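Database features (TrEMBL):
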type	residues	note
ACT_SITE	His136	active site, proton donor/acceptor
ACT_SITE	Lys140	active site, proton donor
BINDING	Gly11, Ala12, Gly13, Gly14, Arg15, Ile16, Gly79, Thr80, Thr81, Ala106, Pro107, Asn108, Phe109	NAD(+) binding site
BINDING	His137, Gly146, Thr147	(S)-2,3,4,5-tetrahydrodipicolinate binding site
DOMAIN	6-109	domain 'Dihydrodipicolinate reductase N-terminal'
DOMAIN	112-247	domain 'Dihydrodipicolinate reductase C-terminal'
Amino acid sequence: MSSKLRVAVIGAGGRIGSEAVRAVEAADDMELVAALGRGDSLDVLTAAGAEVVVELTHPDSVMGNLEFCVRHGIHAVVGTTGWTEERLATLRGWLAESPSTGVLIAPNFSIGAVLGMKFAQLAARFFESVEVVELHHRGKADAPSGTATRTAQLIAAAREKAGIAPQQDPTTHGLEGARGADVDGVPVHAVRLRGLLAHQEVLFGDTGETLTIRHDSLHHSCFMPGILLAARRVGEVPGLTFGLEHFMDLD
Ligand SMILES: NC(=O)C1=CN([C@@H]2O[C@H](COP(=O)(O)OP(=O)(O)OC[C@H]3O[C@@H](n4cnc5c(N)ncnc54)[C@H](OP(=O)(O)O)[C@@H]3O)[C@@H](O)[C@H]2O)C=CC1
Ligand SMILES: O=C(O)C1=N[C@H](C(=O)O)C[C@H](O)C1
């Protein structure tokens, strides 16, 4: 058996999964041992001796795939979105029964997007008002995006820690949904448009000034350095890690 890291991709036929297959194949220190699409048996993972699974499917599929991986001691790098506290608690329960297994869930694998979230977290305590606008392709199943949800949560936590009062919405007349989704008190607006890939603006405002932090993913290749970094490190970090920043030596 070679000393290369044995990596499998689930969701291999998808927009990001197909790019991940190419990235793993091109990595000198990795061997692609399986590339699974919908309907393929997960038993292929154990038969192929996968050490790390890269999971890039759909919010309806990810839990079943992760349960299999964790129960078989296969580390997982997860890009699939749609996470809730309930789902995370279930995953933590599985991991508690397989204490040497690592799972990294990354709302975004793009280095620029991770930095954008960090910058927003840093700016959060200096501005009275903040809103998030995320813009994606028309094929996206979940809204708001995992990145926007995480960004809003980080901003809300930073504001609370700094003792900033919750934002008051001045709207007294309006159509349902016009002010976006409320994520921990931060309005998040989701745009779906043919031609786009993944984009986000965090808009901060205070007296006489605004600050906009914008990130644009222009091609799925932008997610690959983060996925490869995560695949290399996930086996060293048992349990659940949420956010690629924890593998980027930023903290
Ligand atoms: N964290 C990050 O940086 C990023 C995360 N994402 C997330 O990744 C996920 C996939 O996105 P995207 O590639 O655009 O979506 P796609 O729909 O293009 O691809 C998903 C693929 O997964 C397949 N699939 C679904 N269920 C299963 C299953 N149980 N077993 C195996 N394959 C399955 C689908 O098959 P079929 O077509 O037959 O349904 C499809 O080929 C989304 O949740 C998205 O938000 C995307 C980009 C970056
Ligand atoms: O579905 C996508 O395309 C993306 N999904 C992730 C998200 O929900 O944040 C990451 C990126 O925005 C691309």
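Any Cβ shown, glycine's included, is placed from N, Cα and C.
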- For Lys140 (active site, proton donor), nearby residues of its own chain (Cβ under 8 Å, 6 or more apart in sequence): Arg192
- Work out the three-state DSSP category of His136 (active site, proton donor/acceptor). strand
- Distance filter, Cβ under 6 Å of ligand 2; input binding-site residues Gly11, Gly13, Arg15, Thr147; output Thr147
- List the recorded positions Gly11, Gly13, Arg15, Gly79, His136 whose Cβ sits under 6 Å from any atom of ligand 1, in sequence order. Gly11, Gly13, Arg15, Gly79
- Per DSSP, what is the residue count of the domain 'Dihydrodipicolinate reductase C-terminal' (112-247) in each of helix, strand and coil? 52 helix, 40 strand, 44 coil
- Query: Over the domain 'Dihydrodipicolinate reductase N-terminal' (6-109), what does the predicted model average in pLDDT?
  - Reply: 98
- Task: Compare the Cα of Gly146 ((S)-2,3,4,5-tetrahydrodipicolinate binding site) against each of the recorded positions Gly11, Gly13, Gly79, Pro107, His136 and report the nearest.
- Result: Pro107
- Reduced DSSP state (H/G/I helix, E/B strand, rest coil) at Arg15 (NAD(+) binding site) is helix
- Task: Whole-number Å only: compute the distance from the Cα of the residue listed as 'active site, proton donor/acceptor' to the Cα of Thr147 ((S)-2,3,4,5-tetrahydrodipicolinate binding site).
- Result: 11
- Query: Which residues, in sequence order, are found in the same chain with Cβ within 8 Å of the centroid defined by the Cβ atoms of His137, Gly146, Thr147 at the (S)-2,3,4,5-tetrahydrodipicolinate site, excluding those residues themselves?
  - Reply: Thr81, Pro107, Asn108, Glu134, His136, Lys140, Asp142, Ser145, Ala148, Ala198
- Using Cα coordinates, what distance in whole Å links Arg15 (NAD(+) binding site) and His137 ((S)-2,3,4,5-tetrahydrodipicolinate binding site)? 11
- Item | Number of Cβ atoms other than its own within 10 Å, given for Gly11 (NAD(+) binding site) | 25
